[in-house]
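Data first, discussion second: the structure below is written as structure tokens.
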Amino acid sequence: MSKTHFGFQSVDEQDKAQKVAGVFHSVAANYDLMNDLMSGGLHRAWKMFTIAQANVRPGYKVLDIAGGTGDLSKAFAKQAGDTGEVWHTDINESMLRVGRDRLLDKGVITPALLCDAEKIPFPDNYFDVVTVAFGLRNMTHKDVALAEMRRVLKPAGRLLVLEFSKVWDPLKKVYDVYSFKVLPWLGERFAKDAESYQYLAESIRMHPDQETLKTMMEQAGLDGVKYYNLSAGVVALHVGTKY
């Protein structure tokens, strides 16, 4: 069986899927609180920037992959309007349930679907916009997932990938201390789960850097790929177009 990484561990590919599922079953209930604590609320600004770059218009069809608690889906549903179609999806049932309930509480009615990004259950050339926020790094076969995202885009459709990336070098030491000391402490203190937040820090370090992800998106068939560094590269937004 092929090996892959789960944080810094080398594991069988099948085991990774189960381990990642376990992480997100564990963190789902406290996901929004922990995002605010870990990022000092900055995740909201990163998502707002992504929403602005997506430029969803009335009537658009949008696929939100790894949609989690629904921040992007909520905004896109309002922008696409009654004539549009926004799918809130996640591979993790616990995250999808929390997101669906949160959207309903906000009065946002949009379809929710359990979805594996490596096997997207939609036809070719269907969506105007596909987004994945803080989900790509957890996928076992990122190249397969990116190719699938491109497949379901319409010609001239755009893929937006918001993900942790490589921080500016002068901040690396401070960022490492924060990631490997503070994040697990926050996880234990507020969610009684240090291990999942240790995985978060490790998975960020194993994720491709800005230029590598840009190349991967190009190899998946996307054109005009560019990226925006946010918060000194803690996060990057990559945008590519299908032609």
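Note that Cβ sites are derived from N, Cα and C of the backbone, with glycine treated the same way.
The S-adenosyl-L-methionine binding site annotation in Swiss-Prot covers T69, D90, D116, A117, and the record cites sequence analysis as its basis.
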In the structure shown, with every protein chain counted, which of the binding-site residues D90, D116 has the densest set of Cβ atoms within 10 angstroms of its Cβ? D90
Using all protein chains shown, find which of the binding-site residues T69, A117 scores highest when you count other CB atoms within 10 A of its CB. A117
Site extent for S-adenosyl-L-methionine (largest Cα pair distance over T69, D90, D116, A117, Å): 17
